[in-house]
Amino acid sequence: MSKQILILPGDGIGPEIMTEAVKVLELANEKYQLGFELTHDVIGGAAIDKHGVPLADETLDRARAADAVLLGAVGGPKWDTIERDIRPERGLLKIRSQLGLFGNLRPAILYPQLADASSLKPEIVAGLDILIVRELTGGIYFGAPRGTRVLDNGERQAYDTLPYSESEIRRIAKVGFDMAMVRGKKLCSVDKANVLASSQLWREIVEQVAKDYPEVELSHMYVDNAAMQLVRAPKQFDVIVTDNLFGDILSDQASMLTGSIGMLPSASLDTANKGMYEPCHGSAPDIAGKGIANPLATILSVSMMLRYSFNLTDAADAIEKAVSVVLDQGIRTGDIWSEGKVKVGTQEMGDAVVAALRNL
């Protein structure tokens with residue numbers, strides 16, 4: 001029986017980078033006889049334009065029926081003035097929550113070929129390989145009540161809620177420990193337990209889960225210190241587990257240690273490792289349609305999909321090897337280009353990865 005993959009290009013540069021990722025996926029499908037069937041649909045602004053909502057019910061049904069979802073990016077200034085609850089980003093939040101994609105894996109890896117691209121000194125970031133495990137469907141982004149109210153003095157006050165249940169914390173902590181077990185057996189849990197009640201429960205539950213993983217060295221760090229340490233000495237970290245808000249911020253910070261967010265994929269998984277895969281970067285509307293966006297993060301998201309949702313290690317390794325070969329050849333999109341390298345556009349980069357994969 002064939003495996004179903006839903007392709008959601010999204011907005012901005014999403015369709016451009018997705019075209020290249022699909023080329024790589026189709027070659028891998030043929031080369032390794034993976035038996036994938038691809039279907040395409042819309043999400044975000046593209047869905048608003050077509051259906052009037054950022055995620056149509058039929059699209060959500062297709063996502064539920066699929067074995068994995070590959071996403072480009074959502075959002076753009078075209079939709080910034082519409083009602084908040086139907087903006088493109090709400091489609092992304094909805095598909096995550098409706099599919100139960102609670103565990104977000106965001107690697108921050110510095111490719112040796114791109115050591116000069118980081119804004120930090122080479123000796124600080126050389127060999128960097130961090131995995132941030134972010135809780136994705138709880139916390140302040142989904143908490144209620146939220147809104148704006150008028151105080152007795154006539155002033156408006158906005159408020160949000162940051163709730164976490166024991167079960168939500170326990171399941172994401174388990175993902176963090178599981179990832180640590182197959183990596184360096186080190187896990188740093190990041191919270192704000194000196195201030196937030198939700199973080200105090202977070203720390204308590206993480207400590208409980210740690211008893212099931214005696215081989216893993218567990219440490220705790222406040223989020224403000226973690227942000228500082230990511231810049232001061234990032235290689236002290238191997239796996240970081242944290243909540244939705246902190247993970248959103250820290251994973252973007254960690255991505256820039258590598259020199260370009262355009263290189264970094266991500267995975268969002270449910271309890272059975274069925275997942276949605278997307279680049280860490282956004283829709284970059286300022287460069288959309290120019291053919292200069294870096295497709296490598298989306299291509300590497302295909303590799304993560306093969307690895308985590310389908311356990312196709314050989315095919316996943318081959319795609320990562322193909323990307324490394326292309327970087328060895330000095331081929332670069334503008335965001336990772338440096339003097340003496342060959343600057344190419346989106347399509348040329350995709351073609352180069354396809355050629356490298358074909359020759360492996």
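Yeah, the Cβs are placed from backbone N, Cα and C, and that goes for glycine too.
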For the substrate site that Swiss-Prot assigns to ARG96, ARG134, ASP224, which of ARG84, ARG87, ARG106, ARG146 is also named?
ARG106
Which of the recorded positions ARG84, TYR141, ALA284, ALA288, ILE292 has its Cα nearest to the Cα of ARG134 (substrate binding site)?
TYR141
At the level of the C-alpha atoms, what whole-angstrom distance separates TYR141 (site 'Important for catalysis') and ASP248 (Mg(2+) binding site)?
11
Have a look at the recorded positions ARG84, LYS192, ILE292 and say which one has the shortest Cα distance to ASP252 (Mg(2+) binding site).
LYS192
Which residues of the same chain, at least 6 positions away in sequence, have a Cβ lying under 8 Å from the Cβ of ALA284 (NAD(+) binding site)?
GLY12, ILE13, ALA73, ALA293
Give the number of CB atoms, excluding that of ARG106 (substrate binding site) itself, located within 10 Å of its CB.
23
Any idea what the Cα distance is from ASP248 (Mg(2+) binding site) over to ARG106 (substrate binding site), rounded to a whole Å?
10
